């Protein structure tokens, strides 16, 4: 049972109240700062995609844009906490936006393999099939997580929220499984490229090849591994998500009661991933004949 509380000037009520939409007091300033930061990286990715003529970069633009819109809604919601629309939409965007970034990493590496590897394959798998297979897996994960996220966004049904948590965690498990497999693919490709550079057999002399692959590694690390040393007590994004919802979606879940977990264990990681891809953009390597899939449906 619960009771309806009287909201303050920003619409906040205690998490245990019937009319509570948040388990914490949203900070307007923090969310606005993230909205601006994601807006800047979105504009940068759009400009780079146009300047470098890389149409497939619409995927990373979507990821950055979803993050930006998410935090615009969170900023508005901080001043109007009784508006459930802000909560529902921002929650869905918050949960799903990183999947665009994940898919982009798959697409970039597949194109690099097609462009640079003499046999256009890694671990005996053709580059085109790598792109199609991993992006398809990401789409499946996206659909499952979207379904779970929609159920979890139901503020008035504990049963739906519980079911949504299980569905969402299943989708996260699928994502984690394929990301880990892809790390093996990228590692194999990086070793081959490094060998070709050392032996002089790589015809492409672009000095950004290895830095770009390392950035992709960083992006995958930001998605998968968030504990790098005792001095940086961060959980990786997926484990954080599993821990976050394994405790339930009620106001008693400690992680859900502190906004800092979402901002600095999750959003900051995705912001760093997007900014890294701005600094070393795939378009500075993927240029010239063979740098794209001419007849692929995944562009």
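Yeah, the Cβs are placed from backbone N, Cα and C, and that goes for glycine too.
TrEMBL lists 56-74 (among others) with the feature transmembrane segment.
Per TrEMBL, the feature transmembrane segment maps to 86-109 (among others). Listed by sequence, the residues of this chain that lie at least six past the ends of the transmembrane segment (86-109) yet keep a Cβ under 8 A from its Cβ atoms are 21-22, 56-57, 59-60, 62-63, 66-67, 69-71, 73-74, 76-77, 80, 130-131, 134-135, 138-139, 141-142, 145-146, 149-150, 152-153, 155, 168, 175, 179, 182, 185-186, 189, 212-213, 216, 219-220, 223, 237, 262, 266-267, 270, 273-274, 277, 282, 286, 298.
Residues annotated as transmembrane segment in TrEMBL: 129-147 (among others).
Remote same-chain partners of the transmembrane segment (167-190), defined as residues 6 or more beyond its termini with a Cβ less than 8 Å from a stretch Cβ, comprise 95, 99, 102, 105-106, 109, 112-113, 117, 122-123, 125, 130, 134, 137-138, 140-145, 147-149, 151-152, 210, 213-214, 216-217, 220, 223-224, 238, 241-242, 245-246. Per TrEMBL, the feature transmembrane segment maps to 167-190 (among others).
The transmembrane segment annotation in TrEMBL covers 211-229 (among others).
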Would you kindly list the residues that approach the transmembrane segment (56-74) from elsewhere in its chain, counting only those six or more residues past its ends and only Cβ-Cβ distances under 8 Å? 26, 31-32, 34-35, 38-39, 41-42, 45-46, 48-49, 86, 89-90, 93-94, 96-101, 103-104, 107, 111, 267, 270-271, 274, 277, 282-283, 292, 298-299
